[in-house]
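Have a look at the structure below, then the notes.
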Amino acid sequence: MAKKPGSQNTSGRGQRDLKVKVKTARGRKLSSTRWLQRQLNDPYVKRARSEGYRGRAAYKILELDDRFRFLVPGARVVDLGCAPGGWCQVAVKRVNALGERTSKAQGSVLGVDLQEMEPIAGATLYQLDFMADDADEQVRVWLGGKADVVMSDMAASSSGHKQTDHLRIIALCEAAAYFAFDVLEEGGTFVAKVLAGGAEGELQKLLKQRFAKVANIKPPASRQDSSEKFVVATGFRAKA
């Protein structure tokens, strides 16, 4: 039986230091073999499997929240592009969406994605394109009001060209930011993944117009060889 997700020791340390070497099977590309070997030896992958999370990305949002404390009991959270669901699992626990901590306020977690997902206890999941014309209005209806947190771990499909992928994810992040402007409560928080590459300036400028503070963070759970980082914008101003 999988353990309940927890916030302790998010570093991935404490796992047995056993390295797995994968042989290249006939018909399998060398790059696929390397990816599989990295997955099998990744301490965060091992922790996610043992603690019941749907992916190692859960530890990224755990580490970001440990620092910025935006997933508080009672918060209403929207997770854009939420598949496979690791971020939703973390949010459910931290905002007390199941009401397990009776002395704390009970929050809610709403996840949207283009693909259908397996249910997550404590989260409400919808198959929705957040860039559709009426998506923001629909989300507010489902929430019964505005959100305290909008978060996104989305990434566009990889093209294999670093700069193209960078531009695509910046465009996706900007779309998520405009969505957040429409659904966030005053003082709310926006969290999103970006890839470093030189085109972040306009995104930073946009966010600084609407948030009191904007930080760029590479949490420990992000792989060191990745250009991935996260923007955490706090103190949303409903009026620019």
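Backbone N, Cα and C atoms are what each Cβ position is placed from, and that goes for glycine too.
Here the structure is a predicted model, which means the values were calculated and not measured.
ASP113 is the residue from ASP113, ASP165 that Swiss-Prot records in the S-adenosyl-L-methionine site together with GLY85, TRP87, ASP129, ASP153. The binding-site residues near LYS193 (active site, proton acceptor), taking a 10 angstroms Cα-Cα threshold over the set GLY85, ASP113, ASP129, ASP153, are ASP153.
Here the binding residues for S-adenosyl-L-methionine are GLY85, TRP87, ASP113, ASP129, ASP153. Their largest Cα to Cα distance works out to 18 Å.
Shown in sequence order, GLY81, CYS82, ALA83, LEU125, GLN127, LEU128 are the residues of the chain, 6+ apart in sequence, with a C-beta less than 8 angstroms from the C-beta of ASP113 (S-adenosyl-L-methionine binding site). Each of the binding-site residues ASP129, ASP153 was scored by the number of other CB atoms within 10 Å of its CB, and the largest score is that of ASP153.
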